[in-house]
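S.K.: Here it is, the structure, as structure tokens.
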Amino acid sequence: MAPKAVLVGLPGSGKSTIGRRLAKALGVGLLDTDAAIEQQAGRSIAEIFATDGEEEFRRIEEEVVRAALADHDGVLSLGGGAVTSPGVRSALDGHTVVYLEISAAEGVRRTGGSNVRPLLAGPDRAEKFRALMSQRIPLYRRVSTIRVDTNRRNPGAVVRYIMSRLDDPTPNTSPSSTASGAAT
């Protein structure tokens, strides 16, 4: 059993929104690892960060991600920082990983009203967002098999693009039968 798609990206890139819509389009369930972490720990992510620190949060996160990769056959949405763990990056190998790309300006705009993102809390969120970008973008690119720009694209268009890539993730391969049954 393996997820149909694993979504990764910066805060505000659309992992939750796109995840819900993609799961619906595929007729499968969505598992958000941030929600699974909160359920398992019985505390919010912000509380885990405040009480136990980022290192302990990342340990719990890796455990949850590994279990989800083994047990979930729908769409899996990872927390924005999951890829910072070498163990998570290793576990993603061989899975269909969709990187939802976003610009700094759009990411700051989309996360503006949120108080549940511990690494963006406090003054100068734009600078913090840019720092996350410089740290994480190379990691997202390394683990992804599909990349999609979410800037100025509505969620429906993003999902349609992902669906087209899931149907044919490597367009330079020999033709194969498709669900549409189109004759060639």
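Just so it is clear, glycine is given a Cβ too, placed from its N, Cα and C backbone atoms.
The ATP binding site annotation in Swiss-Prot covers GLY12, SER13, GLY14, LYS15, SER16, THR17, ARG117, ARG153. The Mg(2+) binding site feature in Swiss-Prot is assigned to SER16. Residues annotated as substrate binding site in Swiss-Prot, with sequence analysis given as evidence: ASP34, ARG58, GLY80, ARG136. According to Swiss-Prot, the feature compositional bias 'Low complexity' maps to 169-184. According to Swiss-Prot, the feature region 'Disordered' maps to 163-184.
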S.K.: Among SER13, LYS15, THR17, ARG153, these being the binding-site residues, pick the one whose CA is nearest to that of ASP34 (substrate binding site).
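M.R.: Comparing Cα positions, the closest of these binding-site residues turns out to be LYS15.
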S.K.: Are there any residues in the same chain, six or more apart in sequence, whose C-beta is under 8 angstroms from the C-beta of ARG58 (substrate binding site), and if so which?
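M.R.: Expected: GLY81, THR84, SER85.
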S.K.: For the substrate binding site, please report the maximum Cα-Cα distance among ASP34, ARG58, GLY80, ARG136 in Å.
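M.R.: Of all Cα pairs among the recorded substrate binders, the widest measures 17 Å.
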S.K.: Just jot down the residues in the same chain as ARG136 (substrate binding site), at least 6 apart in sequence, with C-beta under 8 A of its C-beta; none if empty.
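M.R.: Set apart from ARG136 (substrate binding site) by at least 6 residues yet with Cβ under 8 Å, we have LEU10, GLY80, GLY81, VAL83, THR84.
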